[in-house]
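Below is one structure, written out as structure tokens; the observations come after it.
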Amino acid sequence: MADSSKKLTVLLSGASGLTGSLAFKKLKERSDKFEVRGLVRSEASKQKLGGGDEIFIGDISDPKTLEPAMEGIDALIILTSAIPRMKPTEEFTAEMISGGRSEDVIDASFSGPMPEFYYDEGQYPEQVDWIGQKNQIDTAKKMGVKHIVLVGSMGGCDPDHFLNHMGNGNILIWKRKAEQYLADSGVPYTIIRAGGLDNKAGGVRELLVAKDDVLLPTENGFIARADVAEACVQALEIEEVKNKAFDLGSKPEGVGEATKDFKALFSQVTTPF
């Protein structure tokens, strides 16, 4: 367990994202345990989180801009990710998709013909999920950070996974490359490979850990963003999950018992990668 007499100073990158904002809120609510900072890439995103001094603006493609945010931190949670955007169609109008962000319309419960996707200039998976994450890992190591929690994705065992075909971005391939880089970095780490994300309430499902995408073909291959956020926060304090990597899914709501004991959950994880 972390030293309970000292607050952990934690930087969360991607703090204004759908999952990142949930994790940021959870950390802020536990001010007895954590001093939290957020890293975002624009003033608009900073204002979205309240605009306080604890919100830093940085560019993950430029390591020098990351150093002020990482000065003096104990831990880093990486929740940055390239975002595939949806091309408008008759079924999904531009108004519906709010500028084309796929996550606002399509989540793990979506079924139907998959529309076309693209990535914004400079925001391709290679740039964000590989180079951007590598820059964060390198800077954190340089600054003496003691623990990095990286949120990845299930599906990395299958090069032909449909997510890789979105915008021809090979997103899972680049994510897995960053995961391996972190595991080899020498910095204590926790890699959480989340299943299909949905926006339902957290704290109501039984969470499951596994490896090698075994949960993906089943109804247990999905998870609420709020539960991923909670797992990130819990991983900061549970020693047993350091230098471990695992898939994270959940049973359907109403099946099993809601997970409350994260130490018991994480004790099931045995794989370093």
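Just so it is clear, glycine is given a Cβ too, placed from its N, Cα and C backbone atoms.
According to Swiss-Prot, the protein has these features:
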| type | residues | note |
| --- | --- | --- |
| ACT_SITE | SER153 | active site, proton donor |
| BINDING | CYS157, ASP158, PRO159, ASP160, HIS161, LYS175 | substrate binding site |
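Positions of Swiss-Prot features highlighted on the structure.
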| residue | record | contacts (Cβ under 8 Å, 6+ apart) |
| --- | --- | --- |
| SER153 | active site, proton donor | LEU163, ILE171, LEU172, LYS175, ARG193, ALA194 |
| CYS157 | substrate binding site | ASP212, ASP213 |
| ASP158 | substrate binding site | LEU172, ASP213 |
| PRO159 | substrate binding site | ILE173 |
| ASP160 | substrate binding site | none |
| HIS161 | substrate binding site | GLY155, LEU172 |
Cβ-centroid neighbourhood (8 Å) of the substrate site, CYS157, ASP158, PRO159, ASP160, HIS161, LYS175 excluded: GLY155, GLY156, LEU163, ASN164, LEU172, ILE173
Structural state of LYS175 (substrate binding site), classified by DSSP into three states: helix
Secondary structure of CYS157 (substrate binding site) (DSSP, helix/strand/coil): coil
Maximal Cα-Cα distance (Å) across residues annotated as binding substrate, namely CYS157, ASP158, PRO159, ASP160, HIS161, LYS175: 14
